[in-house]
């Protein structure tokens, strides 16, 4: 880490009634809400905002739509009763700020912690590397004496110029579960948002061995490259025209402004964490020009 005087700043502010931290450095600006430990914005200098955030004012303490919600200790309601909180309690809880330090290359490393909760014996921390690239890692520890199952995701909402023009490279040949019809299929070629049953709608869980995925966004003239860690599931989601119209916190036409590409442990990719063990789920995001 860098022992010289820091060249970044952290400002405690408020976003829609929720405490939030604004991190400014020579490389990027980011905003993190205390609710959910949720990254709301990440904008490398000289680039357009990378994350989509709903412009509709929410009613606290409802979940924040956009940015990178932390889904933990389960994804959706997987393995949970019907009345369970969607995507777990982590995205609604107030996270604790631990520290922020500057690395030798000028990145800012932020550490956050989720307070212990009686609903799970697991403990969760989050580490973010904020700079020209974004690194984000969920670190789950099991301090107990019994193995614990859990699922999770970094539910990233990527801002795009037009979702109908996107291509996702890196999924060719992968098996996936289609949550729209419950079917199991295999991807042929790049993914595109071309669902004829419901324009723009997609809800897929790809089985992966990790690696890199590249989202081509011709309307913004850029690519978003995503490297994954500790994940065997990649979720691709968009509510589509019909779904967005039924959502109170998404403007009717806003589904074309984002796509969710989610690094996850979900579906068959369930983590069984042994006593004393640790699991890390992470992503590294960088922007590239179109070739």
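Placed from the backbone N, Cα and C atoms, the Cβ positions cover glycine too.
Whatever TrEMBL says is automated annotation, not expert-curated.
Proximity of residue 91 (substrate binding site) to non-local residues of its own chain (separation of 6 or more, Cβ distance below 8 Å) is seen for 35, 36, 38, 63, 64, 69, 70, 71, 72, given in sequence order. In the three-state DSSP reading, residue 91 (substrate binding site) counts as coil. Sequence annotations record features per position, and here TrEMBL assigns substrate binding site to 65, 86, 91.
On its own chain, residue 155 (active site) has 68, 69, 70, 71, 87, 235, 260, 262 as residues at least 6 apart in sequence with a Cβ closer than 8 Å to its own Cβ. Under the heading active site, TrEMBL lists 155 (among others).
The number of other CB atoms found within 10 A of the CB of residue 262 (active site), across every protein chain shown, is 24. Reduced to three states, the DSSP call for residue 262 (active site) is strand. Annotated active site per TrEMBL: 262 (among others), in sequence order.
Across 65, 86, 91, which the record gives as binding substrate, the greatest C-alpha separation is 13 Å. When Cβ atoms from all protein chains are considered, those within 10 Å of residue 65 (substrate binding site) total 19, not counting its own.
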